[in-house]
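Below you'll find the structure, written out as structure tokens, and then a few comments.
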């Protein structure tokens, strides 16, 4: 007990570092937190319309999974359906292109007469579900519904062009019917080529194309006879 009560034992505790080192530690810590970790963002209500962000932050288009390069590649393939189909062309099942083409198709038809947004979206949804179910029965490969919608949406482009020109020319004759039928065949050929490449069913091209032709045939009829 005498040993612990002896004040001389306190000489073994060195307090010489506390004054200077604590000051240096606190100053370094303060300097660390004072340094900005990133560039300051713009302030005010205009900041909501700016494109500034944190360094390394993905852009808004990347977060929305919108890639204009992929949209251009798939659109080019639809415009040139005789081109060799890459089996990985639809690995990124973006929905920006199909939604854009569907909106354009509905808008062009509404400019000519009554609005057909409800009919077009209903037929597109029901037809996509039916085709997805049929195509999954034809192949053992896994086919996602978003990929089916993406292929069908991109392949709608020829009929979108027909709907645009209907606002300029009349399609109430043999020439108009022939152009609509040609666009339907074009859509069917492009979509069936991509589905055959994705599902690897080269010997079932006609079976794949038949239900797709019925799907685009409905849109062709709406395009020709809409008033």
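In case you wondered, yes, glycine gets a Cβ from its N, Cα and C as well.
According to Swiss-Prot, the topological domain 'Cytoplasmic' annotation covers 1-92 (among others).
Nonlocal intrachain contacts for the topological domain 'Cytoplasmic' (136-150), taken as residues 6+ away from its ends with a CB within less than 8 angstroms of a stretch CB, comprise 74, 90, 93-95, 97-98, 128-129, 198-201, 204, 207-208. The topological domain 'Cytoplasmic' annotation in Swiss-Prot covers 136-150 (among others).
Positions annotated as topological domain 'Lumenal' by Swiss-Prot, on the basis of sequence analysis: 172-178. A Cβ distance under 8 Å defines the sequence-distant neighbours of the topological domain 'Lumenal' (172-178), meaning residues of its chain 6+ beyond its ends; these are 166, 224.
When pLDDT is averaged over the topological domain 'Cytoplasmic' (200-205), the result is 86. The topological domain 'Cytoplasmic' annotation in Swiss-Prot covers 200-205 (among others) and rests on sequence analysis.
What Swiss-Prot lists as transmembrane segment is 93-113 (among others).
What Swiss-Prot records for 115-135 (among others) is transmembrane segment.
Under the heading transmembrane segment, Swiss-Prot lists 151-171 (among others), citing sequence analysis as support.
Nonlocal intrachain contacts for the transmembrane segment (179-199), taken as residues 6+ away from its ends with a CB within less than 8 angstroms of a stretch CB, comprise 77-78, 81, 85-87, 89-90, 135, 138-139, 141, 143, 147, 151-152, 154-159, 161-162, 171, 205, 208-209, 212-213, 216-217, 219-220, 223-224. Annotated transmembrane segment per Swiss-Prot: 179-199 (among others), in sequence order.
What Swiss-Prot lists as transmembrane segment is 206-226 (among others).
Through the fold, the transmembrane segment (115-135) approaches residues 102, 105-106, 109, 143, 145, 148-149, 152-153, 195, 199, 208, 211-212, 215, 218-219, 222, 226 of its own chain, all at least 6 residues removed from its boundaries and within a Cβ separation under 8 Å. Per DSSP, the topological domain 'Cytoplasmic' (136-150) is made up of 9 helix, 0 strand, 6 coil.
For the topological domain 'Cytoplasmic' (200-205), the DSSP-based tally of helix, strand and coil residues reads 4 helix, 0 strand, 2 coil.
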